[in-house]
Ligand code: KG4
Ligand code: ZN
């Protein structure tokens, strides 16, 4: 029997709607309010919520049209229930409830972070029996152990302070780059010298190293970059933004790749799946592939357009849930801004 799932994503600033049929992506349409935030230096939740409200119906219609299906073809609706911004999540969940109720189909309120991994199945084929997931975004840097994406996910570790993307955005500000700083630092780092400045890795020695094998801490690194820039300025030296970007990127990417690949070894997994907005980073992609190959670990990272927030990731997870006979969500489900990463549905 054929299964068609509509996925809705509105956790942050992207209104994403996608249609997945039998594991195949038929359409993925995204509207974003990101352009409005450059002048504020960060997302304004109220603006994001209003933009979702305006974009929701046109984006749903756009996805259905592109997929060549009608609402009558939809067998289930999946929607991001958390983690994310409360107003943004509420708009998406309200739309999904209305659709599921009116169509008489099951509703699945799903975890956004796990969706960042699920989308990879649409591109790189079925997941192996178990794998390690690394989700790196503006709000999260987490290592997950996945035995079954539909019913058995556990959190091995995560950031104790800033997420990787967040650290990039903060250092972007220090370097006077436009918001969001991540892509700009990525571009500068490609022409910088990675070995010119060695920034601290965080949790890299002593008790902390033992206590936090799969955790990250990036706020000390951000402070180290600030101190480095201040030092140069005090000495009247010109700073090299390229070398700072390259050294800073190396510190973060070194930690992300070594800890997640170590988790693969520790839990006997031959596959690492990487997702989230930060996985667009070119150095992360290159170093993960290089180290994975040396260790005999298959590193799967979806193409760039599936790394940032989108509806496909939610439709993919929804499809996996339906296929595995997972329990549907109640129609009175609420959103959870801090949704636990061990929790796949609400
Ligand atoms: O997953 P995402 O689209 O939104 C969240 O759920 O947070 O991730 C956005 C984050 C931002 O912090 C942005 O600066 C970062 O991902 N980012 C990058 C790159 N592209 C996006 N960071 C480093 N290098 C990039 N190429
Ligand atoms: Zn995300």
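From the backbone N, Cα and C atoms, a Cβ is placed for every residue, glycine too.
Any TrEMBL annotation is an automated prediction that lacks curation.
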- Item | Which of 268, 270, 309 belongs with 112, 116 in the Fe cation site listed by TrEMBL | 309
- Message: With 135, 136, 137, 138, 139, 182, 186, 281 listed by TrEMBL as substrate-binding, which of these, 124, 169, 193, is given for the same site?
- Response: 169
- Same-chain residues six or more away whose CB lies under 8 A from the CB of residue 137 (substrate binding site)? 113, 116, 163, 164, 165, 276, 277, 278
- Message: I'd like to verify something. Among the binding-site residues 135, 137, 139, 182, 281, 309, which ones have a C-beta closer than 6 angstroms to some atom of ligand 2?
- Response: 137, 309
- Message: Measuring Cα to Cα, how far is residue 309 (Fe cation binding site) from residue 139 (substrate binding site) in Å?
- Response: 12
- Among the binding-site residues 116, 137, 139, 182, 281, 309, name every one whose Cβ is found under 6 angstroms from ligand 1, counting any of its atoms. 137, 139, 182, 281, 309
